[in-house]
Ligand SMILES: Nc1nc2c(ncn2[C@@H]2O[C@H](COP(=O)(O)OP(=O)(O)OP(=O)(O)O)[C@@H](O)[C@H]2O)c(=O)[nH]1
Ligand SMILES: [Zn+2]
């Protein structure tokens, strides 16, 4: 590749303003963003200018099919672009947050990304209670795969085939175990990328894209707890929750916020036990969070 050649590449690792991009022939370069623009994500297709055998500058991003954010208190940080599948990893131990699963599913629905819930550590005696909790999500139509990544990763493989998947989950659910089982040499590559991006410091803050095969890719994003819902409006929220969606249109007021309004179909369904109370409560919390973020 000649110096100063313009071409496209995929971001395979990102950490702050530092990126690693991969060209079509597999060549990897460290890349930085031009100017102050830093909003690129792992999985992005970018236009680059190659500076030399090791370095490139990112000039711009190609249109994204999907985009996921990580949200900390008030900031939305891009985390993964162009993924087709969100793999939510849960386990019987430590106990998982149903609310977090609910939030991840809403983020997936909002971006039209196929969600897959993986209940890992099904070899543990505590698995039965967790299975029962998963029945709720199954009944809503979501796919739930039971797995014991430590014993056998094979049942997950057909779900990853042909997809660009991003793994999310609380700490301790087994994301690293899954990644390591899928990519035995991933740990070495993680270290290599840490060295390139952080001048030797070990970090778990970056997202990394791995190729499982020519058509199947995996983005691992350690520590990811929750996705941002920046593009979602309060009005759109209940339409992203299948159990609530079913009752939309039944409210007396077309602009019902499903709180204290008379004739609210969602509230009626909750009182009748059709909608689980924690789901309506989640809608209200998300509405409040969006309002707070908009006012900030
Ligand atoms: N019994 C059992 N234990 C598992 C399984 N998968 C992972 N574990 C254990 O669960 C613990 C957490 O696994 P990790 O893979 O480190 O979890 P993680 O989600 O990457 O956690 P963080 O690195 O904190 O984000 C480890 O002690 C694993 O050995 C499984 O299928 N069965
Ligand atoms: Zn209502």
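Each residue, glycine too, has its Cβ placed from N, Cα and C.
Bear in mind that TrEMBL entries carry predicted annotations, made automatically and left uncurated.
Taken from TrEMBL as is:
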DOMAIN    75-227  domain 'CP-type G'
DOMAIN    81-225  domain 'EngC GTPase'
BINDING   120, 121, 122, 123, 169, 170, 171, 172, 173, 174, 175, 176, 177  GTP binding site
BINDING   251, 256, 258, 264  Zn(2+) binding site
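Mapped onto this structure are the features recorded in TrEMBL.
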| residue | record | Cβ contacts under 8 Å, 6 or more apart |
| --- | --- | --- |
| 120 | GTP binding site | 89, 90, 91, 147, 148, 149, 173, 174, 177, 178 |
| 251 | Zn(2+) binding site | 258, 261, 263, 264, 265, 266 |
| 256 | Zn(2+) binding site | 263, 264, 265, 266 |
Structural state of residue 177 (GTP binding site), classified by DSSP into three states: helix
Entries of 171, 173, 175, 258 (binding-site residues) sitting next to ligand 1, with Cβ under 6 Å as the cut-off: 171, 173, 175
Counts of helix, strand and coil residues, the domain 'EngC GTPase' (81-225), according to DSSP: 55 helix, 37 strand, 53 coil
Contacting binding-site residues for ligand 2, chosen from 171, 173, 177, 258 when the Cβ sits under 6 angstroms of any of its atoms: 258
